[in-house]
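Annotated features, as they stand in TrEMBL:
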type	residues	note
DOMAIN	A:668-746	domain 'DYW'
REPEAT	A:80-114	repeat 'PPR'
REPEAT	A:150-180	repeat 'PPR'
REPEAT	A:181-215	repeat 'PPR'
REPEAT	A:216-250	repeat 'PPR'
REPEAT	A:317-351	repeat 'PPR'
REPEAT	A:352-386	repeat 'PPR'
REPEAT	A:453-487	repeat 'PPR'
REPEAT	A:488-523	repeat 'PPR'
Amino acid sequence: MTKQLLPLIEKIPQSILGFLEYSPSCWSSSLSKTTQAHARILKSGAQNDGYISAKLIASYSNYSCFDDANLVLQSIPDPTVYSFSSLIYALTKAKLFSKSLGVFSRMFSYGLIPDSHVLPNLFKVCAELSAFEAGKQIHCISCVSGLDMDAFVQGSLFHMYMRCGRMEDARKVFDRMFEKDVVTCSALLNGYARKGCLEEVVRILSEMEESGIEPNIVSWNGILSGFNRSGYNKEAVIMFQKMHHLGCFPDEVTVSSVLPSVGDLEKLDLGRQIHGYVAKQGLLKDKCVISAMIDMYGKSGDASGIVKLFEEFEVMETGVCNAYITGLSRNGLVDKALEMFELFKEKKMDLNVVSWTSIISGCAQNGKDIEALELFREMQVAGVKPNRVTIPSMLPACGNIAALVHGRSAHGFAVRINLLEDVHVGSALIDMYAKCGRINMSQIVFDMMPTKNLVCWNSLMSGYSMHGKAKEVMSIFESLVRTRLKPDFISFTSLLSACSQVGLTDEGWRYFGMMSEEYGIKPRLEHYSCMVNLLGRAGKLQEAYDLIKEMPSEPDSCVWGALLNSCRLENNVDLAEIAAEKLFVLEPENPGTYVLLSNIYAAKGMWTEVDRVRNKMESLGMKKNPGCSWIQVKNTVYTVLAGDKSHPQIDQIKEKMDEISKEMRKSGYRPNLDLVMQDVEEQEKEQILWGHSEKLAVVFGLLNTPDGTPLQVIKNLRICGDCHSVIKFISGYEGREIFVRDTNRCQISSNHVFTESHSIILHKFQPNSLSLSALIDSFQGLWSGLI
DNA sequence: GTAGGGTTAG
């Protein structure tokens, strides 16, 4: 029709057949025809006609020529709702949501009220943008015109509130809806499941039954995934069983939705049953099912299950590989995970941000901090952008080795991509800065977070606790209890740990009591460990031992270690022997117990016993790991090894150490070390002096930084009490803030248990080739050391 | 013209 007409139109004078010119059915069939028609419309002055212009806008929008459509729109003297609606529709369809909203606000500024065709589009836009405030305003507008009773408007409005996470508003809309169908009900079920409201889910299901709406597989899957996503694992499993009970058969989506919950609950039996069902139904070809299955076995600690599934699945699929990497790392097989990751790279697999984040966090959680940072660098070289999960995965690695420069650049990155409001990122930054000795930065990050969850508060408290700032920890705790958040066992660990470091016995007891009495938290091993430390440090050894005897569960090595360390401070042989006997059983591999016990004997002059312990240690072939500390001087982190005398500044260091020793004696300072040294050979004294990497590191720092600069030292082993006292003295003597931390994960026992030898000369530290090359290549000379 | 369900990283 158009084809026949167009040539005619060209020949007939416009003035006569104008109406034909304006018939959109003649020119809207292609973009070029639209453009031609537009030119003619302009020539004839017909653009002022609302209908013609609206059709032009619709046609341009239809061909995604939004600029042309906009030009037409702007040229209309009196635009109508109709003029705007086609552009809004097309922009929404093209996913240009913000632009769509912009056109609407222009329309509204003309005093035009959206009709029942525009409103669903607008709600869709608000849903996509999670623009709750805008959505609510548009809802109000629809109420004024009474269009909120339109079925389409209601449907989209309901969806908008759901997408914005406004369950209550969505529910109000839902309750007013005239037509409720299975789709709407499923959405509501999913929403309540995400909130963990099992009762509400059950109620809606029975209401559906009353209204004759039968839940379908999508409804059930929505319930399961909702519960799972919000961490309501038990509820997910309950509903899975209920669904099965009602005769609704799981499909691949059901299985992949419920398996993560099964894994979190470590219900290996149920997981295996599902595995059997899945195999029978032929669902083992689905990549999500396989990933979820691997994940389930990984969480349940069945490493062989992971490997078997992965090897049976023939396709190399990114998601499956990611689940495999995580499963391996989770079960301590991080070396195999690294090996597999290398293989995936070789095979040029499409590794995504989840793949990289998985391996990075696997390394960081298994003590491979340098590898984690190397992978983080490699990830960026590969052009994969880190996201809100990558950052909190790599930050612990920075904290563990005090790689402040890396941590700070991750912080900068987080700022650039606007992640500072994320509680995971914030908490990880607080922790990293605290571990790198920058507690003031932890405080700044904390203060700037708009919303804080318990993890953020706990990170800050543990940071101050690490720095031995008990007053601050207590005052943060007071602020915490004034919020709506309830402190948990971790909050109390920081409190007790801080009190024990500073010797606040009364406060320690008060918090210990408050924990169970006011908050119903049963004290765990770590809390007892703190209390033993607290009492031991206050010289109340017997009281500490009595507390251990009263413990409801079997004390672990941290508790006995705390007692043994306290015995060292008081040189109490009787209790030391009891504690050591327990530790020999609990930690037969730890040479620290032998060393500590022998030191206590030595302090008492019980040389026969000293020999016995040392001989036993030697006969067991035990060697002490070399002590190694890191210190940052300007922008370089130096590695300092215990007993290493090959440093170019050796003379200066020795001189400084002598000066400090003299000053200590002059001020009547009597570290325990002196007691041990009374009866030892000159040569051994020398070894004792050099046997501690943290002291060496501090002196090295003193010599190479301007007066007054704060120093931070990180140590690979637990820091011994003597070193702590000496460093505290140096700090006062030099007028410097000196922060010493060990990399031991067990915060409570840090700083209190000896593992450092006083008398055994250390073997040269040998970094493996991977760590060494990582240091040299990626950190561009950042790490140079004394090795 | 609106509208429902999946895996793997913190």
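For all residues, glycine too, the Cβ spot is worked out from N, Cα and C.
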Distant-in-sequence neighbours of the repeat 'PPR' (A:453-487), which means Cβ under 8 A and at least six residues beyond its ends: 423-424, 426-428, 430-431, 433-435, 439, 442-443, 446, 493-495, 497-499, 501-502, 504, 507, 519, 739, 741, 747, 750
Cβ-Cβ under 8 Å with the repeat 'PPR' (A:181-215): same-chain residues at least 6 beyond its ends: 155, 158-159, 162, 167, 170-171, 174, 222-227, 229-232, 235-236, 238-239, 248
Positions whose Cβ lies under 8 angstroms from the repeat 'PPR' (A:317-351), at least six residues beyond its ends: 287-288, 290-292, 294-295, 297-299, 301, 303, 306, 310, 358-359, 361-363, 365-366, 368, 371, 382, 384
Structural state census, the repeat 'PPR' (A:150-180) (DSSP three-state): 23 helix, 0 strand, 8 coil
Secondary structure content, the repeat 'PPR' (A:453-487) (per DSSP, counts of residues): 26 helix, 0 strand, 9 coil
Secondary structure tally of the repeat 'PPR' (A:181-215) (DSSP, helix then strand then coil): 26 helix, 0 strand, 9 coil
Arithmetic mean of per-residue pLDDT over the domain 'DYW' (A:668-746): 68
